[in-house]
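First the structure, in the form of structure tokens, and then the observations on it.
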Amino acid sequence: MHDKILILDFGSQVTQLIARRVREAHVYCEIHPNDVSDDFVREFAPKAVILSGSHASTYEDHQLRAPQAVWDLGVPVLGICYGMQTMAVQLGGKVEWSDHREFGYAEMRAHGHTRLLDGIEDFTTAEGHGMLKVWMSHGDKVAELPPGFALMASTPSCPIAGMADEARGYYAVQFHPEVTHTVKGRQIIERFVLQIAGAKPDWIMKNHIEEAVAKIREQVGDEEVILGLSGGVDSSVAAALIHRAIGDQLTCVFVDHGLLRLNEGKMVLDMFEGRLHAKVVHVDASDQFLGHLAGVTDPEAKRKIIGREFVEVFQAEAKKLSKAKWLAQGTIYPDVVESGGTKTKKATTIKSHHNVGGLPETLGLKLLEPLRDLFKDEVRELGVALGLPPEMVYRHPFPGPGLGVRILGEVKREYAELLRRADAIFIEELRNTTATAQDAAAGLCGEADVGKSWYDLTSQAFAVFLPVKSVGVMGDGRTYDYVTSLRAVQTTDFMTAHWAHLPYALLGRASNRIINEVRGINRVVYDISGKPPATIEWE
């Protein structure tokens, strides 16, 4: 039996990251709404409780509170941002609106040598104070500590940035240790979970395979399942996991919607029919998809259309399978959280994902999502544990709507042809270029990265088609052609990301090849936006 950490979600967009950090410590955790009952909390029997952040205000919203059972259990509790504020209010402290709202990096001083922060620091001041580089995102602040609490951390703008009641194991921080922007955040959460809570680090993907296979068999029984296979990491791992559980009861439906990468269809069929010996049905529905997308420019509308058409294709294929009762998808945690689909339904929607936003209530198939609770790196670990080849497992993620969300505005067959060729050139240059000692010296990568391909050193890379034209010169003639943007990011969880600092020579070669080899594109730009404020995909 795994030790469990209970994460109470107050509606933050990054609550899922808390779960990821806990699981990185190999400890099992679950996310549940903040308004679960006292009986639920007691029956869950957590080793510790973590209270998430929220876009709400403790000063204004008196309904968002943790169940009383959290404070009655006698287990350690960690409050993060809003979680700190509700802890303060519920235990007798005071919270007030701050005149100075903090959003972004801050340098925080630790106080009191608490079990949570003692010895964890990014640098020390001339006076010997331990300092942490943290990520803040709050408007309210704790103005008065609850009885029994001591100051644990502060910033110039937030005098009480952390508080602790060591006797009861209650800790709270105003910053977000779960995001990668907080340099030592992972270490802080790991210390809370392993040392303060004393949870056993026995959550590993091999264990998850056994549990997931058993759950799939229990859900499906002797019924048949169809799965939309895109060739991406998520659908591939989902297919392998389901195939292990139910074998030939699974039929993979590979839909060519006209928005795939270059030569992707052949690769997918060779991989799944040849290597995994899975049943694969190939459906060419490009005319259907592109026809419905004609004239549509709104990103949300495009995603909804693509999701709807996927469902219609699946329903048509399901009718040919007498026992097909289930539609399987490679939905993962980031898909759910960015669609406002956390279990609390309190997160603010950023964009709809076709996996969760395009399914009508009238769907005649039940939904099977075996990866729904996993992050991308967990999915990759699971794929390796299932025996999938590295070239599949470590391939960069590709969105379900395909090139449909990488072509800004209206989707046309002509645009898709230009984009897939430009994208293939960029990916080829990334694969064929290795990091050098000079790159490391320039700070573009670490010394341990020298010799690795830049494809492996980036988490996701692709080209984006911009439906605008610019003037250029080719030979002695004037050109008036389209623009493409190259995008490459580095991230550990895909919830936050930094733009990749690629060598200029690599970018130069990619740009030169695209302009010379892809007739119709005469200008290439590079996207240097992080997430946040931008999302990884442009649409």
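Every residue, even glycine, has its Cβ placed from backbone N, Cα and C.
If you look up Swiss-Prot, you'll see Cys81 marked as active site, nucleophile. Sequence annotations record features per position, and here Swiss-Prot assigns active site to His176, Glu178. Under the heading ATP binding site, Swiss-Prot lists Ser230, Gly231, Gly232, Val233, Asp234, Ser235, Ser236, citing sequence analysis as support. According to Swiss-Prot, the feature domain 'Glutamine amidotransferase type-1' maps to 4-202. According to Swiss-Prot, the feature domain 'GMPS ATP-PPase' maps to 203-395.
When the recorded positions Glu178, Asp234 are compared by the number of other CB atoms within 10 angstroms of each CB, Asp234 has the fewest.
Spacing of Asp234 (ATP binding site) relative to Glu178 (active site) is 23 Å (Cα to Cα, whole number).
Mean pLDDT for the domain 'GMPS ATP-PPase' (203-395) in this predicted model: 84. Of Ser230, Gly231, Val233, Ser235, Ser236, all annotated as binding-site residues, the residue with the shortest Cα distance to Glu178 (active site) is Val233. Taking the mean position of the Cβ atoms of Ser230, Gly231, Gly232, Val233, Asp234, Ser235, Ser236 as the ATP site, the remaining residues of that chain whose Cβ falls within 8 Å of it are Leu229, Val237, Ala238, Gly330, Arg395, Pro397, Phe398.
In the three-state DSSP scheme, the residue listed as 'active site, nucleophile' falls into the coil class. With respect to their backbone Cα atoms, Ser236 (ATP binding site) and the residue listed as 'active site, nucleophile' stand 37 Å from each other. Nearest in space to His176 (active site), taking C-alpha to C-alpha distance over the recorded positions Cys81, Ser230, Gly231, Gly232, Ser235, is Cys81. There are 26 other CB atoms within 10 A of the CB of Cys81 (active site, nucleophile), with all protein chains counted.
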